[in-house]
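Below is one structure, written out as structure tokens; comments come after it.
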Amino acid sequence: MDYKEEILVSEKKLRNKTIISFTVFILLLAAAVFAWQKLHEQPKVADVPKPLRTVLNANENFFSNFLSNNHLAKSFPVSQAVKNVRVNGNVGMEADFDPSTWKLQVIRKPGDTLFVTLDEIKALPKTDIVFDFKCIEGWSQVTHWGGVKFSDFAAKYNLNAQTQMKYAGLVTPNKKYYVGIDMPSMMHPQTILCYEMNGKPLPMNQGYPLRLIIPVKYGIKHLKRIGTISFSNERPPDYWYNQGYDYYSGL
Amino acid sequence: MKRVIKKHPLAIRWFHWINFPVIAVMIWSGMLIYWANDIYRLGWGNKTVLKFFPDSFYKALHIPFRLAEGMSLHFVFMWIFAVNGFIYVLYLLFSGEWRLIFPNKKSLKDSFQVVLHDLHLRKSVPDQKKYNAAQRIAYTGVIVMGLGSLLTGLSIYKPIQFHGLAALLGGYEWARAEHFILTILFTLFFVVHIVQVILAGWNNFRSMVTGLDVLPVKEIIFQPTGINNESESKQFGNPVINITEPFIPKDETYPDNAILQITSGDVTGVKDESSIESKNVNPQGPNIS
């Protein structure tokens with residue numbers, strides 16, 4: 001590469017070129033600052049400026065291509081699971097809950113609800129999973145859960161038509177916490193309707209009697225204490241999405 | 001006339017100035033994200049020398065409770081960072097510019113001398129082309145760091161879909177730590193870069209905007225033809241003439257009129273004694289320097 005090639009330029013030409021270059025430079029700098037300010041003034045979609053939300057949704061389209069039932073969260077030996085499992089949220093866990101009357105409600109379509117008891121769920125084939133639970137805050141913890149695969153549950157209760165839809169929506173009995181989950185993630189072989197933690201029934205603060213464990217998502221999607229499950233082709237409401245987080249939140 | 005070198009191609013100036021605000025946004029949004037689980041520190045055992053980051057630091061920058069905002073920025077601007085960096089590397093490879101930036105055999109050895117020179121511990125610097133050895137290592141290193149940030153970032157963004165990559169980097173938690181360390185290195189690079197740019201001066205900074213490196217004017221000592229013995233030299237002093245235009249050796253590369261233009265002015269005046277007197281004679285007496 002011939003770098004040291006000198007050329008002669010008249011002072012006038014050099015001055016003009018410098019002025020033009022710096023004018024363009026400063027204009028672009030100002031444009032960048034202006035664009036940054038405008039970005040934050042854009043109308044918001046679920047608490048995120050619309051242009052950013054559009055890209056986040058596009059990210060979902062792009063990265064969901066990599067989601068595969070063959071891509072499993074790494075499993076760990078049970079001995080590596082922690083005893084003190086972190087409790088990081090209590091929305092939907094309020095004291096207004098009566099365990100004795102609880103039944104899982106599966107809304108097959110409006111006006112057609114299936115009621116399933118905990119014992120009926122426990123009668124289905126059990127799946128144990130020990131995996132690195134990842135919180136959107138950035139921490140993670142190897143934890144041990146037991147329950148029934150959602151895909152097994154759907155097969156047993158003939159939810160074929162429902163699982164052809166794009167999303168599942170889960171809501172706590174008091175309707176204070178709710179998540180929306182894309183169907184491929186819901187049907188992932190590691191997604192379970194969970195009733196056990198460390199081999200014992202779920203503690204109240206971990207969502208007794210039944211919670212979602214979905215390793216391909218951040219913890220915000222692992223809804224505790226499932227009241228109802230419904231299905232739709234539109235995104236069901238999502239608690240943290242409304243507060244500015246990514247809807248997909250897939251790992 | 002000025003002697004100039006076309007130092008930075010337009011493409012490289014674009015890559016550089018796009019990268020600057022994009023990295024700033026990535027580091028800023030990264031801090032908003034990191035705050036939510038700020039576990040890293042410098043220290044040993046229970047002794048902490050430096051916590052990343054002190055509460056006063058967060059408070060001053062209004063960082064707390066902005067995780068969602070941080071993620072929404074981070075996962076948008078990551079694309080610009082990745083695409084800009086990718087095209088930059090392709091450009092380096094296909095334009096041949098990589099020869100001026102990638103380190104060569106001598107770079108490691110030479111870079112020590114450059115550092116010693118910059119610390120004023122050594123006078124001379126090794127021969128260089130566009131960049132000195134230390135710059136070659138730094139500018140190539142920062143490309144590798146950028147790639148590292150993308151890979152560690154991807155493996156904590158999608159640790160299950162890219163589990164092989166995450167495993168290669170030592171697992172999820174290690175990848176997060178590596179991503180953080182790379183960010184610290186980026187900020188250190190930035191600080192050194194800014195200091196060096198300030199020390200290098202205006203011409204160097206200007207070249208990153210205009211692309212042109214203006215070479216220094218050569219200063220020559222001119223012995224006027226009108227003075228040819230020692231007494232006259234004593235009488236009139238020993239005029240040092242700064243040729244303010246670039247000095248061009250007479251050869252066939254440049255037309256004669258270029259030489260004439262340059263050598264006009266002061267030089268012709270030298271023959272006129274009054275002009276020497278007015279300009280160069282020290283009224284206190286002969287000045288022999």
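Just so it is clear, glycine is given a Cβ too, placed from its N, Cα and C backbone atoms.
A TrEMBL annotation is a machine prediction, not a hand-curated record.
The compositional bias 'Polar residues' feature in TrEMBL is assigned to B:277-289.
Among the features that TrEMBL reports, domain 'Cytochrome b561 bacterial/Ni-hydrogenase' is placed at B:8-211.
Feature annotation from TrEMBL assigns region 'Disordered' to B:270-289.
What TrEMBL lists as transmembrane segment is B:12-36 (among others).
Positions annotated as transmembrane segment by TrEMBL: B:73-94 (among others).
As annotated by TrEMBL, transmembrane segment applies to B:137-160 (among others). Through the fold, the transmembrane segment (B:137-160) approaches residues 75, 78, 81-82, 85, 88-89, 101-103, 107-108, 111, 131, 166, 169, 172, 175-176, 178-179, 182-183, 185-186, 189, 192-193 of its own chain, all at least 6 residues removed from its boundaries and within a Cβ separation under 8 Å.
Taken from TrEMBL, the feature transmembrane segment applies to B:180-202 (among others). Cβ atoms under 8 Å from those of the transmembrane segment (B:180-202) belong to residues 23, 27, 30, 34, 40, 52, 118, 138, 141-142, 145, 148-149, 152 of the same chain, restricted to positions at least 6 beyond its ends.
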What mean pLDDT score does the domain 'Cytochrome b561 bacterial/Ni-hydrogenase' (B:8-211) have in the model?
90
